[in-house]
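**Student:** Quick paste of what Swiss-Prot says about this protein:
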- R48, R54: NADP(+) binding site (BINDING)
- R125, S126, S127, N238, A239, G278, K293, P294, T295, S296, S297, R319: FMN binding site (BINDING)
Amino acid sequence: MAGNTIGQLFRVTTFGESHGLALGCIVDGVPPGIPLTEADLQHDLDRRRPGTSRYTTQRREPDQVKILSGVFEGVTTGTSIGLLIENTDQRSQDYGAIKDLFRPGHADYTYEQKYGLRDYRGGGRSSARETAMRVAAGAIAKKYLAAKFGIVIRGCLTQMGDIPLAIKDWDQVEQNPFFCPDPDKIDALDELMRGLKKEGDSIGAKVTVVADGVPPGLGEPVFDRLDADIAHALMSINAVKGVEIGDGFEVVKLRGSENRDEITKAGFQSNHAGGILGGISSGQQIVANIALKPTSSITVPGHTINRFGEEVEMITKGRHDPCVGIRAVPIAEAMLAIVLMDHFMRQRAQNGDVTTTIPRW
């Protein structure tokens with residue numbers, strides 16, 4: 001199975017399945033001399049881990065990360081960093097009844113078509129459980145980018161179903177179980193989630209992730225444009241069906257005179273481009289949105305076929321998220337951090353000595 005690695009100089013390779021013994025990853029390209037402990041990684045893992053509220057899956061995994069290599073006496077050595085998280089709360093028996101069925105909306109059918117077999121326990125490698133290691137690796141990138149360049153990466157839920165959520169207060173995001181930046185909508189989200197759990201159904205969501213403090217110059221035209229790599233990274237997250245950079249699909253409504261981000265001595269007058277022009281960071285805030293589909297693991301009966309080609313009705317039992325968008329927030333942050341870290345290293349390798357007299361804001 002290929003496709004387990006992202007990045008060129010800052011490289012993250014993950015392994016493991018939902019109901020396997022453990023999840024792990026190898027992080028290559030981490031600069032030496034960075035203070036790093038397991039506690040530095042645990043904060044974001046705790047934000048992502050299951051079972052932390054009644055609105056997410058009740059699979060209870062502590063997600064305690066272990067640093068196996070690449071750190072000596074509390075600092076990175078420049079060698080590969082090995083990370084491991086043990087699975088402790090698998091309930092594989094929940095999936096015995098569907099081992100021969102293809103869950104509609106899941107990767108069961110496509111995995112079996114591709115490989116001729118599949119791990120039916122919790123989706124195996126296709127499960128979002130794999131993203132725990134992305135978050136751990138992303139925490140390394142976030143720490144370095146913040147300490148070295150003052151870059152702040154943060155995300156929030158900006159829509160659930162038909163409820164839009166304005167970014168009113170970033171401080172509120174960590175104060176509620178929805179990563180919601182609009183305190184006036186918490187009750188509406190709670191009511192929606194309670195109704196979904198009662199019905200045994202699920203709902204889609206939109207997540208926004210931003211990076212402040214990114215300097216101009218990151219991105220490798222033409223095929224490794226910064227926005228192309230960000231879209232690639234975000235699109236690789238489970239359940240993501242759409243990615244927008246800046247205004248995204250809203251630009252189809254605008255005229256060129258409205259969409260262009262005009263520049264004065266005071267700086268850019270707007271940011272429709274989401275901080276990226278020509279595939280290169282402009283120095284403005286980088287903004288990306290992702291759309292996540294409603295999970296298909298629901299107790300509402302649905303139609304499918306089994307491995308023998310017979311039509312059957314099925315209900316997906318187990319412990320699942322009514323809205324996968326909630327726990328996607330720290331995952332999106334991690335993927336943006338990984339891409340920015342990789343492009344920082346690539347920029348430094350080729351253009352580390354480049355200086356200009358062009359203003360920066």
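Cβ atoms are placed via backbone N, Cα and C, with glycine included.
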**Student:** Roughly how many Å lie between the Cα atoms of R48 (NADP(+) binding site) and A239 (FMN binding site), rounded to a whole value?
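**Tutor:** Each residue's Cα considered, R48 (NADP(+) binding site) and A239 (FMN binding site) end up 15 Å apart.
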**Student:** About how far apart, in whole Å, are the alpha carbons (Cα) of S297 (FMN binding site) and R54 (NADP(+) binding site)?
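**Tutor:** The Cα atom of S297 (FMN binding site) is 17 Å away from the Cα atom of R54 (NADP(+) binding site).
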**Student:** Is R48 (NADP(+) binding site) helix, strand or coil when read with DSSP?
**Tutor:** helix
**Student:** Look up R54 (NADP(+) binding site) in the DSSP assignment and reduce it to helix, strand or coil.
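**Tutor:** DSSP call for R54 (NADP(+) binding site): coil, neither helix nor strand.
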**Student:** Among all the protein chains here, how many other CB atoms are within 10 A of the CB of T295 (FMN binding site)?
**Tutor:** 23
**Student:** Pull out the binding-site residues from the set S127, A239, T295 whose C-alpha sits within 10 Å of the C-alpha of R54 (NADP(+) binding site).
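**Tutor:** If one measures from the Cα of R54 (NADP(+) binding site), no binding-site residues come within 10 Å, so the answer is none.
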**Student:** Please work out the number of neighbouring Cβ atoms within 10 Å of the Cβ of R125 (FMN binding site), leaving out its own Cβ.
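**Tutor:** Looking across every protein chain shown, the total is 19.
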